Structure formats: structure tokens, C-alpha cells
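What TrEMBL says about this protein:
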DOMAIN    34-154  domain 'Piezo transmembrane helical unit'
DOMAIN    272-509  domain 'Piezo THU9 and anchor'
DOMAIN    624-792  domain 'Piezo non-specific cation channel cap'
REGION    155-180  region 'Disordered'
TRANSMEM  21-44  transmembrane segment
TRANSMEM  50-71  transmembrane segment
TRANSMEM  274-297  transmembrane segment
TRANSMEM  317-336  transmembrane segment
TRANSMEM  345-367  transmembrane segment
TRANSMEM  379-399  transmembrane segment
TRANSMEM  411-427  transmembrane segment
TRANSMEM  447-466  transmembrane segment
TRANSMEM  487-511  transmembrane segment
TRANSMEM  705-728  transmembrane segment
Amino acid sequence: RMFHDDELEESEKFYVGQPRVLLLIYALYNTLVARSEMVCYFVIILNHMVSASMITLVLPILIFLWAMLSVPRPSKRFWMTAIVYTEVTIVIKYFFQFGFFPWNKYVDYTKDKPYHPPNIIGIEKKEGYVHYDLVQLLALFFHRSILKCHGLWDEDEKGDSSSNKEDTDDELSLTGGRRDSSASLKSVNLAASVESIHVHFPEQQTAIRRKSSSSISLKTLSISRSAILFFSASYSVVKSHCGLCCFRTLQVYVPIRQFFYNLIHPDYSAVTDVYVLMFLADTVDFIIIVFGFWAFGKHSAAADITSSLSEDQVPEAFLVMVLIQFGTMVVDRALYLKKTVMGKVIFQVILVFGIHFWMFFILPGVTERKFSHNTVAQLWYFVKCVYFGLSAYQIRCGYPTRVLGNFLTKSYNYVNLFLFQGFRLVPFLTELRAVMDWVWTDTTLSLSSWICVEDIYAHIFILKCWRESEKRYPQPRGQKKKKVVKYGMGGMIIVLLICIVWFPLLFMSLIKSVAGITNKPLDVSITITLGGYQPIFTMSAQQSQLKDLNQTGFNAFLGSYRGNTAALQFLEGYGKEDITLADLEGNSNSLWTISPPSREKMIQGLLDFSAEFTVVLSWSIQRTLETVYPYYIKAPSDSLAKPIKQLLPGMYCRWENITVSLVKNVSDEGVREWWVLNQLGKRYKTSEESLELFIFSDKVSPPSLGFLAGYGIMGLYASVVLVIGKFVREFFSGISHSIMFEELPNVDRILKLCTDIFLVRETGELELEEDLYAKLIFLYRSPETMIKWTREKT
């Protein structure tokens, strides 16, 4: 062997022979070393999430608008800026921890106020004020040591020195801030060496020149360079004639402008496509907003989106956040289709400043709590930071020159098949994507033709996946289907259909019997009114007057109805914990304050035997009210309480009898009257005048399943069984009409034709796009041609 070293070989053998736990630690350490800059970014963002102050806001913005946009990696100047800034932050925070500052005397009163100036700046007094800053400083020094170990720490100083020599006349050089191609390739290889820890320099490496997003021509580029040279000459004049303030401003403005110009118009760049990951990050943020919208509004910490929507109320915080999130997703899709790096840079700058200003200055005032105390907002911000990092990576590498099809159609397996079909099932997502693609893509097709091509492509892709699965798992000719396939697929479909049909009954039965919660009454009130006059009796029972049955009393209660089939059938659905005994006092809790004219009319009505009064009542005679009082009442899950006829005695469901007496008390204060009621057939005999009432409380569904149980059995059947049944019926019926387009043995030619349409559209061959589309339409209009095109390859 050409390169053989006994020590290296022995070292490799020693390394392989180590325990797996130690090897795992080695691997984690190597991963940490290879991605040490990502560790620094994570710690900086975490520190800002915990502190949420202006003093920690600077570094996250610099990360997204400087470090992650630097090619090929952040410069030494950035890391020195981060290190020095962190050290200064630690010193400032330590200095303001002393108690002689006025705001440190009332820490307990001001610590939760989001707009308290020390809290906004980040100089408030608190425990552990510098822990995360020290961890951040440790991570930065760790990354610095890694760069120094691989010789990358002082690398950009050479480029700076060379550029300084060219700028001796104080002229702005267009190429002073960038290395030549060989130096750039060397930097790329050194960047790879950080990950693999093996430095190698290839003899020659081709670099793909990225097409400018604005399609700038060479003539336009030369004009831009001339403009920059003109600006540099003007810059030297301004420097010599203007004051020091203008000179310092230009010293800051010119490098920033040059940085973004080089970013938008790079000489060489390896294009990439991370739009899918950015879309997934936005989707996660969208889900966080939907299920945690209360964290972005005022006085809505205990709110629930389902309850708010059920009451026809749309929370303002939920609406604003959803619209903003959805709007950014649409703009991001437009920039991706137009492939404009300049627009993406502008959108990145606006979004970074806008999100940070809103999250750390506006949101705390809206929610009236600090950002560090809002867990949902912290999670949303962290996912948004992931999106910012992906966006910066997309800007640095550039958009792909061609966008062909859906990202789920890159391979033909079951995973892509089911994910693609799930993507198409999301309401309005397929339609919205198709319309946006048509709006922001150069094409000669009309919207209907565009949607036709998209539908054909989706259909052909699904068929291609099924054909590939048939090739992977072939079925020999003349052989019957295996029982595993028949009972596996067929049995699963049978069970699924049965579950769909009987789901509402099983759900409504089990949700209350198994997972039901006992809903005991809190108040039982009785009011008796005769003939529409002033109520003669009002009484309520609460707390100690509402008694639970013990097991002995419950067994005796069941025994009293032995032989009564209807009553026992009703009682099967209730346990002793569902029954409440209400003991109401017989004396009315309010005086009878009827007016004299009404009193006279009531007396005349009671004395009139032809009236609808069922009793005859006088001032001094106690009468009996028959079949009036319901002894047993059912309290269902709705608001209507009903008497239980199965437990009422007699053939005609005669109710309990009660006695009504009017008591008059004459004293020096005047005459006072009230009514006294007494139940005759009480189960628990008491000497005092009182009323007994048994309440049977139906179990209610748990709060987590209330949104389903609230529809009832018929609602679930209408919304679940009928809707799903409609889709199932479409799958089993009308198959004969789609045989021509479904039973295609080989779809490769049609799939290639659709791909060719996408390809010529991206390359700008719009006339050829029309010809290929006409060919596709003719193919679907001609069954004979379709048969020829879909034959198996020989």
C-alpha cells in the first residue's frame, strides 16, 4: 500500500474495539465539532428566548442577516463581534445587579411587567441573570477553538489584506471583498474538512454558474459595474469634502450594500432547493397557531378554539395570526416560483425585523405577559427561527433553475403514493397550489388547460406507483390470490366498513357508560303556582340538603321495584352515584306578597267548582292536591328535566300527593302569610313538613370528546356515515366508465410527456409547450393511440 502507517492502523483497531457507549460519545463529539456553528446559533437563539430583551436581540438578527448569508461561512469578524458583544453584555448585566439602582428596589412588583424599561432592555435584577450568557460565551469560544484547530480562524485576514492593498486610493473595488475561483474552491474544500476532518485538494473542480434570478445580461452587468465605479469615485469625493459623520455613515453603508450585492449576484453558487423544509416549518407554525391561538391574545388563556367557534365567535388574535402566517406562505411560494433571489432577500429582511419587533415588543403588550412566560409563543418563535435559517441557506445557495412537479412525486413507492393522495385530500390545497403555480409561472396555457395537465399528471403518477408495486410483488398468471392477501386486505375493509356503519351507536353508548362523568345537581328548586297568580311556594335545596344514596339504600330502592320490568329496565343504566336525594323544607322561603285584587280573584276561582282548579282551598281548610308532585325526576345531559314515568306508581302514572297550607302570622309588624307544603308518601319518613325529590343524573361525555358527542346519534350518522359512505360508493360504483384511463399497463410514455411539458415551460420554450399539450389532449381523445402508447415495452 502506498500510504501505510502502523500507528494509524493500530489506532484504528483500538478505536473499533472500544465499547459501543464510548463509540457513541465519540460520534456525538465529532458531530458537535462538525456543526459547532449550529451549536452557537442554537445557544444564541435559546438565550434570547429566555431573556427576551433588547440586549439579546442583536445577535439573533445578525445571525439571520449576516452569519447565515455569508459565503462560504461566517467570517472571523462576525465571530469576534459575537464574542465581544457577549462579554460586554455580561459586564452590563452584572453592573446593573447592584441594589442602589432605583428599579431594583421593587423587583417583585415589576418583574412580570412586560413594558417595564429594565425588563425591555434586559438589565433587570433576577436570579441566574447571566447563566445563559456564560453558556453562549462558552459555545462561541468552543467554535473559535475548532476553527483555529483547522486553520480557518485567520483565513479571511489574508483576503482582507489583499483587498486593502488594492484600495490604497480609497476606491471601492468590485472584487476586493471576494476571492478568485481557486481560492473559493479551496475554501469550500476546507469547509468540508471541518466536517470530515480530512483535508484534500482536488486538481480541478467544475463550478456551475447560476443563472441570475433577474435574468441580467452581460451588458446590464457591465452597466452595473460602471455604476459602482462611478459611485466609488463619488464616494472618494464625499470623503474629502463632507464631514466626519457622513464619512462614517458611508463606511457602514458601503460594506453592507456590497455584501448584499455579492449575495444577489454571485459569480459561482451551488443551487439547492429547501422549499419543502421551509413549507413544513410554516405548516408547523400554522398548527401551533390553530391549537395555541390563546397565547397570542388578551384575556384568552383559558379559551378553547372549538368552544369559540361553536359560539360563532372568531378570536381576533387567531384571525390575525392565521392571516399573517398564511400570507407569508403565499409570498414565499411566489418567490420560489419566480426564482428571484433579490425578492427573497428583501422578504427575509422585512420578515426578520417584523417578526422580532412584533414578538418582543407588540405581543407582550397584547397578552400582558412577558415573552419568556409565554411557552406557546416561544415554541412558535423557535420554529420560525428554523424557517429563517432555511431561508438564509436558500438565499446563499440560490434557487433551482427548474421546478418540476410535486416534491412527493420524485419516487414511485407506497410512501410517496399515500402521502400524495393525502396531500390531494386536503380541502382547497391542490386547487390553491395549481392556481398559484399558473399565476407565477410563465406559460401559454389557460387556467383550465393548466389544471387539466396537473390532473393528468397526478392520475398518471398514481398509476405509475401501482404499476411499480405490481413489478415489485408480481402475481403469477393463473394462480389464485393468497389467503393472506384476501383476509388481510378484504378483512380490513370489511371491519372498516362495519365500524363506520355502527360507529355512532358504539360511540354514543360507550362514551357515557365507560368514559362518562357523573353530573350531579348543584341546586334543586320547587315553585308552585295556582291559576297563574303569584307563586304560593318557592323552595330550593343545595349542598347538605342534596344527599347521596349509600349502597344499602340503593339496594333497598331496587328491591322496592322488584317485579316491575319497566322500572328495572330503566334503573339498569344508573348506579348509586347517579342518584341524588333532595330534601326540601316544607315552609316556603318567601312571603306570599299577592295583591288584594288578585287575592280576591284567586279565592273566587278556588270556590268555583266549574273552574280548572283541581282542589278546593279556603283560608282555614287544608286541602289535598292529588297527582301533582313528581317524586322522581330525570336530569338528562340537555337542559330539560323530565319526570320518570316508569317509577311512578299506578296504571295511570299517578304522581305523589302533597298538602298545601296557608299560614298567617299576626304581630305588631303586621300580617304575614306564607305557604307550607308537605309530601304525604315520603320514602324517608320525617315529622317535619318537607318534600323529597329523587334526581337521576345522566352521565355526560368527557370534555375532550364533547365536540363529537354534541352532535348526537343522528348528527353523527349524517356527518360521518353518510359522508364517508358517499366516498366509498364512488369507489365501488362507476368503475366501468374509467377503465380506459385506469387499466393502463405502462404509463412511462405519458409520464414522460407530462414531464417534458414541465421542462419546456421552465426553459421558456412556450411554443413547444403548446404543441406538447395538444399532443397530450389528443392522446386522451384517441383510445387507439392510448392503447399503443401504454403497451408494455418489448
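Positions of Cβ are set from backbone N, Cα and C atoms, glycine also.
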Report, as numbers and ranges, which residues of the same chain sit near the transmembrane segment (21-44): CB under 8 Å and 6 or more residues beyond its ends.
15, 59-60, 63, 67-68, 73-74, 82, 132, 135-136, 139-140, 142-143, 146, 194-197, 389
Let's see if you can do this one: DSSP helix, strand and coil counts over the domain 'Piezo transmembrane helical unit' (34-154), in that order.
83 helix, 0 strand, 38 coil
So if I exclude everything within five residues of the ends of the transmembrane segment (447-466), which remaining residues of that chain have a CB under 8 angstroms from its CBs? That is, six or more out.
405, 409, 412-414, 416-417, 420-421, 424, 430, 434-435, 437-438, 741-742, 744, 747-748, 750-751, 754, 757, 773, 776-777, 780
Quick test of the contact rule: Cβ under 8 Å, at least six residues beyond the ends. What residues does that give for the transmembrane segment (345-367)?
52-54, 57, 60-61, 64-65, 114-115, 120, 260, 263-264, 295-298, 317, 328, 331-332, 335, 374, 377, 381, 384, 388, 391-392, 395
Tertiary contacts of the transmembrane segment (317-336) (same chain, 6+ residues out, Cβ under 8 Å):
275, 278-279, 282, 285-286, 289-290, 293-294, 296-298, 300, 305, 308, 343-344, 347, 351, 366, 399, 403, 433, 436, 439-440
Local confidence of the domain 'Piezo THU9 and anchor' (272-509) - pLDDT mean:
84
